[in-house]
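Got a structure for you, questions after.
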Amino acid sequence: MSEKPFVDAPPPEDGVAHQVSPHDNGSLSEEANSINEYTGFGAHQEGEIRELARTFTNMSHDSGHDLSKTNTSQDLLKYLSHMSEVPGVEPFDPEQISEQLNPDSPNFNAKFWVKNMRKLFDSNPDYYKPSKLGLAYRNLRAYGVAADSDYQPTVSNGLWKMAVDYWHDMRKIDESRCFDILKTMDGYFKPGEVTVVLGRPGSGCSTLLKTIACNTYGFHIGEESQISYDGMTPDEIHKHHRGDVVYSAETDVHFPHLSVGDTLEFAAKLRTPQNRGEVSRLEHAKHMASVTMATYGLSHTRNTPVGNDFVRGVSGGERKRVSIAEVSLSGANIQCWDNATRGLDAATALEFIRALKTSAAILDATPLIAIYQCSQDAYDLFDNVIVLYEGYQIFFGKASEAKQFFLDMGYECPQRQTTADFLTSLTNPEERVVKPGFENKVPRTAKEFSDYWRNSSNYKVLTAGIDKYLAEVADGSQREAYRASHVAKQSDHTRPSSPYTVSFFMQTRYIIGRNFLRMKGDPSIVIFSIFGQGVMGLILSSVFYNLQPTTGSFYYRGAAMFFAVLFNAFASLLEIMSLFEARPIVEKHKKYALYRPSADALASIISELPVKLCMSTCFNFSFYFMVHFRRDPGRFFFYWLFCGLCTLCMSHMFRSLGAVSTSLAAAMTPATSVLLAMVIFTGFVIPIPSMLGWCRWIQYINPVSYVFESLMVNEFHGRKFECAQFVPSGGPYDQVAAVNRVCSTAGARPGEDFVDGTAYLQTSFEYVNAHKWRNLGIVVAYIVVFLGVYIALTEFNKGAMQKGEIALFLRGSLKKVRKQREQNEAKVNDVENNLPNEKISYSDAMEKDSGESSTSDDKLPNQRQIFHWKDLTYQVKIKAENRVILNHVDGWVKPGQITALMGASGAGKTTLLNCLSERLTTGTVTDGVRMVNGHGLDSSFQRSIGYVQQQDIHLATSTVREALTFSAYLRQPSHVSKKEKDEYVDYVIDLLEMGAYSDALVGVAGEGLNVEQRKRLTIGVELVAKPKLLLFLDEPTSGLDSQTAWSICKLMRKLANHGQAILCTIHQPSAILLQEFDRLLFLQKGGKTVYFGDLGKNCQGLIDYFEKHGAHPCPPDANPAEWMLEVVGAAPGSKAAQDYFEVWRNSEEYQEVQRELAYMENELGKLPVDEDPESRKKYATSLIKQYFIVTWRTFQQYWRSPGYIYSKFFLVITASLFNGFAFFHSGTSQQGLQNQMFSMFMFYMPLQTLIQQMLPYYVMQREIYEVREAPSRTFSWFAFIASQITTEIPFQVVLGTVAFFCWYYPVGLYQNATPTDTVHERGALMWLLVTAFYVYTISLGQMVVAFMEIADNAANMVNLMFIMCLNFCGVLATPEALPGFWIFMYRCNPFTYLIQAMLSTGLANTKIVCSSREILHFQPPSGQTCGQYMQQFISAAGGYLLDESATDQCDFCAMSQTNTFLDSVHAVYSERWRNFGIFIAFIAINMIGTIFFYWLARVPKSSKSKNH
């Protein structure tokens, strides 16, 4: 049971629960406070304890008292030490333990459970070996390289930038290109203490946490830095104890279709220790997962999918708690939490920090947490605080001493400002307040703050503590004890030096189980794949149905076997896409030391085996027997064995390509090149005798060629095939002697009426029976080699390095940005060096705002309409149950008022916003009305509102200004001039203080704009639209620091003062922030209203309501939001004294709300409705204007995505050149003609990959459109589809032109036009056909994905359609050979007309010259020359004799003109232009289909039953 029970964060286990650390400088009372102040959720004593703690905190803040010297502190310790006796038992059997230890019981007590585990560990320390881990660093410095010269590459400069970057990488790092992220700093952390890291975004908080967690990939640590983890170096920690020092990122990355319970149980299994007592691994893991879910309020979500921004699942706050629980289960001693409270409501955030405190105090964990918004109650829980300012450390010490340190420095803390906000505000020159008389004494710049700190007595205490710590760990005893504890946790067969808890094979087993659960959560891909293989087996086999055992089936038998091999080989190509979907999660779990990436690689292969078996069975059974291959059990199972091995081999190879690549586009391009090489050199397209010498080696290293050879031998060896066609034959030739004719098939001998299959293989392919089983060993060897390569690459490939949250600009704007930056720095220095005598504090900021007037403020819209709703009820169907999400919610939003929408995570806040704004996509609004001024909502409602979503969803390649301009141009009325829109965009940029990065690209999460900048942009996008009715904001302050959150609230107040109606959800409002709201709508679980009314001054209206209805009094210095959450039972672990939903429904306040709503409905409805047709339009701008603006943005996105465009060109150039030179100057023999025909077939191979490359970009843009732009009526779906179609066409035309030159001339098709002097005309037509093919490629992909939700399924559908097009185009099987049922496919197939046009244009009107292998030999009748004997046959069937006068042996070539060959495949030269026109029509059909299918599948249809 060495695993740290996780309530909260994986606590380090150490010796005695209440023991004071030997190197602790201070205070038994502080340690006691750590243990006691937070012992028990919801107990009666909780209030008394909190009051005592708050009293002590105030004493400390006011007078700097050392609590260890007060009797009161000792009394508190004594009081808490007499709490309920803890049993110290194993809590895994629910029938043998108390309800307080049972996580499935409503009476479960998380802190009691932790204490029980501590006592259990202490009862047998030699067995459990509890561990703890401290940390110290000295002269710590972190730096990055060359950010200032970095810029966003485009198609025009991407290659140059790539070359420059490569040159820099090859050289030693130039110090002039380095910039410091963290300046030199010192610190140390003792087990049992919780440390908070404070600083504004960009100050280095995340970098510090990453450095401590040894997660430094992407930046560098200075050589002078000294870091010690109880005597261990960062390198030792990373190699041997990675999972004991973890970093929890701000973003939440999980498998969206996996349930919460399965996600957490999986993490628990992989950290289940060996020394866990008598309980089984499974029971232990289930119990630990249940404990974390109960602790973090997730028990009710056990069977709910985690979800993500695009897959429906738990709420955003619940998803954040899942991330917290996962880290907790990882069992780390040192936990680095990066803004872990983002998205949590205030009470849940407080409980999370309490849980960390419990884990630290009782289990000796060492948590560090960076928080941007920290309440006073939360701050009081921390032992230490670090304050960072632009990378400088300006304080490190006791949290209770930090405030006084800066007060003594000469700064002033405004009234009602929390300590955390005060400390953070000191790093902002425009926020901090200087005491009178200290104006010229206080430090101003970040460096001055740092110098002041380093010269202080506090710093000397810190350095003394570091020296003492390093001296204590110098003997290595703590290191050895820690390693012994680590080894005791490890399962059997795990290396002691491994950072993992369970063995490799156990990891693999658990991951296999998880993978099956993922398939169960989203079975569509698996079902679609299996179904698709079965359908394709039936379709392909029907093309070659029931081949007869004659020589006429030789070509078709070979073609059928070739397709069977290819279909089995490349069935796994799309696995590359799923690899990249899972990679971020695998990398995260590697950092947590849950499992090796190689274990995930092996497990993914094993878990796919049943799927592959089903796919192989569905395809091969029907295919083998319908084609009428050899009906022999041994032959069939040999065929099935090789097909299965071929699938495995190629799966491993494609996975290896994916593992070595850093992006999907980078993986798919080489995969297609490899695929093309394998197809061409399988042995069918170009038989071995016809392969050119320079590329013959490709066949030797091609595993597919060995499979094809063995299967052909399996089918042909030892069989005699009746001759289907003799030369000469027909008429009088049927009566000639056998010696005077020969079968017209390779391997035939004169005088025989059959052809031996072995001879045919030897003559045509150079295949021999002796290789049949030899090839089995070769293929198995390839499987093993590729498997090893894949596992090794997965284990050691570091993946893509993140650039970090560093703004990237376009190359052309770098000079402007640098100049602006210099001006800003000068301005900042001016502000810092000329501090005014009076600074604006929180308390008077709004007074100043309201007092000053600005002409620019007149730009803000002024509204006068009221939005109100009544009895709003919404439910969704989950399995067989209708779950109510919103329960009869009432309310209104009036112009000039800000209404706060609050509630616990999962209470339905975002759902209510979506319901009010008509953005619901699932479920049913079963009751209620929504009105504007007493009238129902019209078609213009959605564009009349602004909706700031919780997720910051933007196009990564747009700049900030472009994103704002795009919204303004499309959403402001069309009568507003472009100049006015541009001016308003500039105004909003100034209003939101985005000028410094207005020309920066948005980037993706983690790279580009930081969280704060993204949130400002999200708000700005809605503001520039000038919403005339209402502004919704969903968590606008989530993830922001307190100062930025305050500025957002000031902005909302400014908007409200100009008549804007605002409804805003908010999770963690401080007391000061909450006062800026006018009204509050509070929801509890189930979407039930608990309160809707005025807040009043200092929130007194809210407090009076709840106190009037039985709530315990709100302390004067408490945060009303947190107090309210506890009162109504919305905080984890708290219970409401009564049902406040019923209290509300029975209150006088509720009756007043009903009367007000009735008045609005009756009286406002009498007001005239705006009849202006402009205001009632669904979209603000015309469709043609939407089209041009959206098309320009889409083109811009592609231009700024050089990786996508370059991968297209690289794929097309390599494929075309390879194809051209593999069939180099094929000549005009029969085999040469067939080679040229197959070269055209191979020319089509990039189609699938080009579409697969396009799909992620299309889906990404579609998600942005459907999640954000469509609901806000920015532009219509038709403009979106039309822009996607239009943007791709120019790129495809250029691709087609490049492909034409790289392929047409090497193959030598132009030579076929020389005899008729039509080189230019036929070359021009071939160029048109080639470019049309590339345009068709993208049009097909867009049509398929238009109605598909998942890119993988769209790719599968494209593969299915592509294969069907190739099979039914009349070349592999002529119309005469096709079953009658499939003739319609031949007629409706675009490739029929494309291949006929290309064949006739490329091959027509030239002579055939047979090679020696193609010459047929037979004797003429006695007394006749060959010319006399064959004259009648040649005139009827064609062909020519080498020597017409020969009398002993006739040498005959069966064809003399290419037109004869073309006639056999119905490629008529005179129809070439007609066929081209028909193919163009198919492109148009695809485009129309794209529009139709998108409308059919994805455009919401109006519902007559919708009740407004």
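Note: Cβ is positioned from N, Cα and C throughout, glycine not excepted.
This is the feature table in Swiss-Prot:
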BINDING   G903, A904, S905, G906, A907, G908, K909, T910  ATP binding site
COMPBIAS  845-860  compositional bias 'Basic and acidic residues'
DOMAIN    165-415  domain 'ABC transporter 1'
DOMAIN    867-1110  domain 'ABC transporter 2'
TOPO_DOM  1-524  topological domain 'Cytoplasmic'
TOPO_DOM  546-559  topological domain 'Extracellular'
TOPO_DOM  581-608  topological domain 'Cytoplasmic'
TOPO_DOM  655-673  topological domain 'Cytoplasmic'
TOPO_DOM  695-775  topological domain 'Extracellular'
TOPO_DOM  797-1203  topological domain 'Cytoplasmic'
TOPO_DOM  1225-1239  topological domain 'Extracellular'
TOPO_DOM  1261-1288  topological domain 'Cytoplasmic'
TOPO_DOM  1310-1326  topological domain 'Extracellular'
TOPO_DOM  1348-1362  topological domain 'Cytoplasmic'
TOPO_DOM  1384-1475  topological domain 'Extracellular'
TOPO_DOM  1497-1508  topological domain 'Cytoplasmic'
TRANSMEM  525-545  transmembrane segment
TRANSMEM  560-580  transmembrane segment
TRANSMEM  609-629  transmembrane segment
TRANSMEM  634-654  transmembrane segment
TRANSMEM  674-694  transmembrane segment
TRANSMEM  776-796  transmembrane segment
TRANSMEM  1204-1224  transmembrane segment
TRANSMEM  1240-1260  transmembrane segment
TRANSMEM  1289-1309  transmembrane segment
TRANSMEM  1327-1347  transmembrane segment
TRANSMEM  1363-1383  transmembrane segment
TRANSMEM  1476-1496  transmembrane segment
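Help me picture where these features are in the structure shown.
Long-range Cβ contacts of G906 (ATP binding site) within its own chain (separation 6+, distance under 8 Å): T301, V314, S315, G317, E318, K1085.
Across the topological domain 'Cytoplasmic' (1-524), the model assigns an average pLDDT of 81.
Under DSSP, residues within the topological domain 'Extracellular' (546-559) fall into helix, strand and coil as 9 helix, 1 strand, 4 coil.
With DSSP states grouped into helix (H, G, I), strand (E, B) and coil, the topological domain 'Cytoplasmic' (581-608) comes out at 23 helix, 0 strand, 5 coil.
Listed as Cβ neighbours of the topological domain 'Cytoplasmic' (655-673) (distance under 8 Å, sequence separation of 6 or more from its ends, same chain) are residues 572-573, 575-577, 579-580, 601, 605, 786, 789-790, 793-794, 797, 799-800, 1203-1204, 1207, 1210-1211, 1214-1215, 1218, 1245-1246, 1248-1249, 1252-1253, 1256.
Note on the topological domain 'Extracellular' (1225-1239): residues 680, 685-687, 690, 1219, 1303, 1306-1309, 1311-1312, 1371, 1399, 1402-1403, 1406-1411, 1413-1414, 1453-1455, 1458, 1461, 1465 of its chain, located 6 or more positions outside it, place their CB under 8 angstroms from a CB of the stretch.
The residues of the topological domain 'Extracellular' (1310-1326), classed with DSSP into helix (H, G, I), strand (E, B) and coil, number 12 helix, 0 strand, 5 coil.
Within its own chain, the topological domain 'Cytoplasmic' (1348-1362) is flanked in space by residues 524-525, 528-529, 532, 535-536, 573-574, 577-578, 1244, 1247-1248, 1251-1252, 1255-1256, 1259, 1340-1341, which lie at least six positions past its ends and keep a Cβ under 8 Å from the stretch.
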When secondary structure is assigned with DSSP, how many helix, strand and coil residues does the topological domain 'Cytoplasmic' (1348-1362) contain?
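Within the topological domain 'Cytoplasmic' (1348-1362) the tally stands at 12 helix, 0 strand, 3 coil.
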For the ATP site given as G903, A904, S905, G906, A907, G908, K909, T910, which other residues of the same chain have their Cβ within 8 Å of the site's Cβ centre?
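The surrounding set, listed in chain order, is S315, G317, D345, T911, L1083, K1085.
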Under a Cβ pair cut-off of under 8 Å, which of the recorded stretches 634-654, 776-796, 1240-1260, 1363-1383, 1476-1496 contacts the transmembrane segment (525-545) most often?
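When the Cβ pairs under 8 Å are tallied, 1363-1383 comes out ahead.
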Give me the DSSP three-state residue breakdown of the topological domain 'Extracellular' (1384-1475), ordered helix, strand, coil.
47 helix, 11 strand, 34 coil
Same chain, outside the transmembrane segment (1289-1309) by at least 6, Cβ under 8 Å from its Cβ: which residues?
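Same-chain contacts beyond the flanks: 1195, 1198, 1205, 1208-1209, 1212-1213, 1215-1217, 1219-1221, 1223-1227, 1236, 1239, 1243, 1323, 1326-1327, 1330-1335, 1337-1338, 1402-1403.
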Counting only residues 6 or more past its boundaries, what in the same chain has a CB within less than 8 Å of a CB in the topological domain 'Cytoplasmic' (581-608)?
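For the topological domain 'Cytoplasmic' (581-608), the sequence-distant neighbours (Cβ-Cβ under 8 Å, at least 6 residues beyond its ends) are 213, 215, 241-244, 246-247, 249, 253-255, 267, 270-271, 326-327, 330, 332, 499-502, 504, 507-512, 515-516, 519, 575, 651-652, 655, 659, 787, 790-792, 794-795, 799.
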Mind checking which residues reach the transmembrane segment (1204-1224)? Cβ under 8 Å, same chain, six or more beyond either end.
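Apart from its flanks, the transmembrane segment (1204-1224) reaches 155, 158-159, 665-666, 668-669, 672-673, 676-677, 680-681, 686, 692, 694-695, 1198, 1235-1236, 1238-1239, 1242-1243, 1245-1246, 1249-1250, 1253, 1257, 1291, 1295, 1298-1299, 1302-1308, 1334.
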Mark yes when the transmembrane segment (674-694) and the transmembrane segment (560-580) have three or more Cβ pairs under 8 Å (sequence separation 6 or more) and no when they do not.
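Result for the transmembrane segment (560-580) with the transmembrane segment (674-694) is yes.
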Within 10 Å of the Cβ of S905 (ATP binding site), how many other Cβ atoms can you find? Include all protein chains, please.
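Result for S905 (ATP binding site): 26 other Cβ atoms within 10 Å.
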By a Cβ-Cβ criterion of under 8 Å, what residues six or more beyond either terminus of the transmembrane segment (609-629) are in contact with it?
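Residues 519, 526, 529-531, 533-534, 536-538, 540-542, 544-548, 557, 560-561, 564, 567-568, 571-572, 635-636, 639-640, 643-644, 647-648, 651, 715.
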Per DSSP, T910 (ATP binding site) is which: helix, strand or coil?
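Going by the DSSP assignment, T910 (ATP binding site) falls within a helical segment, counted as helix.
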State the count of C-beta atoms found within 10 angstroms of the C-beta of A907 (ATP binding site), not counting that atom itself.
26
Are there any residues at least 6 positions away along the chain from K909 (ATP binding site) with a Cβ closer than 8 Å to its Cβ? List them or say none.
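For K909 (ATP binding site), the qualifying residues are L901, M902, G903, D1034, T1065, L1083.
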Return the residues near G908 (ATP binding site) by Cβ distance under 8 Å, restricted to its own chain and a separation of at least 6 in sequence.
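When sequence neighbours closer than 6 are ignored, G908 (ATP binding site) has I885, L886, L1083, G1086, G1087 within Cβ distance under 8 Å.
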